[in-house]
Amino acid sequence: MNRDHDYFDELTKNLNSSVISDILDDFGYRNQTLNSSIRPLERRMKAVGRAYPVLAVDVFETLEQPYDGLIDSLDAILPGDIYVVSLPSGRSAVWGELVSNAAIARGGRGAIVDGYIRDTDKIELLEFPVFSSGYIPRDSKGRNIILQHRVPIECGGIMIQPNDLMFCDFDGIVIIPQYLEDKVITEALKKVSSENKVRDAIRGGMSVREAFDTFGVL
């Protein structure tokens with residue numbers, strides 16, 4: 001399993017969520033995109049990396065050590081991880097600026113939150129890719145805890161397994177099951193190459209019909 005940052009950087013440069021979704025469709029995996037309500041904090045944010053799913057739950061009292069689960073989950077981030085957490089109740093934030101710094105220091109490549117975040121101005125300055133359903137200033141203390149990390153969870157309507165490959169950009173968030181990764185990436189790179197040829201042909205005066213008949217993509 002590749003965790004090399006150069007690998008992720010190359011995928012970030014050459015591929016996007018739309019072409020990945022198309023290839024997954026071709027393989028019969030037509031429901032691999034998280035709910036469109038989960039949006040990047042800033043339009044240019046893009047993240048490619050390994051899913052690091054974290055199980056969060058609402059609580060209604062302040063525990064003796066309210067941050068223990070969160071701290072453990074942050075210290076367990078591996079290079080190439082994208083922190084993934086789901087808490088759609090919206091009672092409190094589950095991500096912020098300090099935890100973003102912790103993720104950066106551990107080699108994390110982003111955070112996906114099916115729920116709310118805070119400290120948005122400071123996160124933007126970090127240029128750390130964070131996607132969420134919205135914003136709220138309330139702290140997690142006495143409102144939510146992290147129960148487990150690196151476990152399968154449902155996020156944005158999709159079941160996510162540890163180490164699935166994630167493509168996250170302004171169009172959306174797409175999950176590639178790890179067992180399909182090599183095949184999907186190979187076909188996606190081929191499609192991008194064909195799309196580049198179609199683009200050049202159309203700009204050069206070829207009709208859309210002729211370009212499609214020649215290259216087979218649109």
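Note that Cβ sites are derived from N, Cα and C of the backbone, with glycine treated the same way.
Note: TrEMBL annotation is automatic and uncurated.
The substrate site recorded in TrEMBL includes Gly96, Glu97, Leu98, Val99, and the single candidate from Arg118, Arg138, Arg143 that the record places there is Arg118. In the three-state DSSP scheme, Gly96 (substrate binding site) falls into the coil class. Largest Cα to Cα distance within the recorded substrate binders Gly96, Glu97, Leu98, Val99, Arg118: about 11 Å as a whole number. Each of the binding-site residues Leu98, Val99 was assessed for Cβ neighbours inside 10 Å, and the highest tally belongs to Val99.
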